[in-house]
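Participant: From Swiss-Prot, for reference:
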BINDING   LEU12, SER13, GLY14, GLY15, LEU16, ASP17, SER18, SER19, THR20, VAL21, THR22  ATP binding site
BINDING   CYS193, CYS201, CYS204, CYS207  Zn(2+) binding site
Amino acid sequence: MTLKNKSIVVLLSGGLDSSTVTGIAKKSEAKIFGLSFDYGQRHKKELYSASIIAKHFNIEEFKIIKLDLSLWGGSSLTDTQKNIPLEGVQTNKIPNTYVPGRNTIFISVALSYAEAIDADFIGLGVNALDYSGYPDCRPDYIKKFQELADLANKRGRENNPIKLWTPLLDLNKEEIIKLAYSNHVPLEKTWSCYSGYSKPCGKCDSCRIRNDAYEKWLNNNNKK
């Protein structure tokens with residue numbers, strides 16, 4: 001798949017994964033249109049990081065969409081009455097940081113935007129190996145959403161579908177960090193923490209997964 005001179009809408013949250021996708025697209029000489037969401041999340045600092053990444057890569061356009069999912073909550077990221085789990089990553093359990101329907105909503109908005117500007121791809125930083133168990137970050141979800149997207153708009157019906165591009169889907173977080181460096185992503189400017197503090201808490205799932213991967217990458221790098 002070549003991205004050179006193609007238009008791509010990237011869901012840019014400001015985190016490690018979406019910033020890496022942006023870096024890969026930039027290095028591939030794609031025309032990047034960034035889309036971020038102010039959805040009532042407690043970690044709004046990610047929006048600042050998203051804007052920094054957008055400027056760093058000098059993308060074509062960057063939009064922040066206001067879409068308040070805190071109106072009905074259902075997640076510790078959008079409901080401050082719920083505590084973010086800090087006891088460590090648990091396997092085979094979907095944590096309460098899962099936001100009901102978030103990726104489905106975000107990708108749907110991105111699909112509308114992509115069709116409106118005649119973009120060829122939607123770039124997603126979803127990752128199936130080191131994720132926290134979210135149902136909307138898995139390969140079967142991406143496959144089914146692509147099938148839906150092909151039916152849901154004019155381009156799809158005319159056999160020129162907008163494709164979901166998920167370059168990180170089968171990578172572990174250590175591999176993503178390596179890819180981030182090779183694509184000139186300023187990792188110090190990205191934001192992964194869920195807790196909403198001015199500095200990363202180091203205890204939430206997102207911090208733990210990122211920090212563990214960084215230590216592995218650092219150790220492996222020092223051995224070379």
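We count from 1, first residue shown onward.
Any Cβ shown, glycine's included, is placed from N, Cα and C.
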Participant: If one measures from the C-alpha of CYS204 (Zn(2+) binding site) to the C-alpha of SER18 (ATP binding site), what distance in angstrom results, rounded to a whole number?
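Facilitator: Cα-Cα, rounded: 19 Å.
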Participant: Compared by Cα position, which of the binding-site residues CYS193, CYS201, CYS207 is the closest one to LEU12 (ATP binding site)?
Facilitator: CYS193
Participant: Between THR20 (ATP binding site) and CYS201 (Zn(2+) binding site), how many Å separate their Cα atoms?
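Facilitator: Just about 22 Å between their Cα atoms.
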Participant: With the cut-off set at 10 Å between Cβ atoms, which of these binding-site residues ends up with the most neighbours? Options: CYS193, CYS201.
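Facilitator: Answer returned by the neighbour count: CYS193.
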Participant: For the binding-site residues listed here, LEU16, CYS207, which shows the highest count of neighbouring CB atoms within 10 A?
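Facilitator: That would be LEU16, with the most Cβ atoms nearby.
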Participant: Using Cβ-Cβ distances, find the residues under 8 Å from GLY14 (ATP binding site) that belong to the same chain and are at least 6 apart in sequence, listing them in sequence order.
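Facilitator: Same-chain residues close to GLY14 (ATP binding site) (Cβ under 8 Å, separated by 6 or more) are SER36, LYS45, GLU46, LEU47, TYR48, SER49, ALA50, SER51, ILE52, ILE53, THR190, TRP191.
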Participant: Including all protein chains displayed, how many Cβ atoms other than that of THR20 (ATP binding site) lie within 10 Å of its Cβ?
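Facilitator: Taking all protein chains shown, THR20 (ATP binding site) has 27 Cβ neighbours within 10 Å.
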Participant: THR22 (ATP binding site) to CYS193 (Zn(2+) binding site): how many Å between their Cα atoms?
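Facilitator: A Cα-Cα distance of 19 Å.
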Participant: What's the CA-CA gap between SER18 (ATP binding site) and CYS201 (Zn(2+) binding site) in angstrom, rounded?
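Facilitator: Checking the Cα atoms of SER18 (ATP binding site) and CYS201 (Zn(2+) binding site) gives a distance of 20 Å.
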Participant: At 10 angstroms around each C-beta, which of the binding-site residues LEU12, CYS204 has the fewest other C-beta atoms nearby?
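Facilitator: Among the binding-site residues LEU12, CYS204, the lowest count of other Cβ atoms within 10 Å belongs to CYS204.
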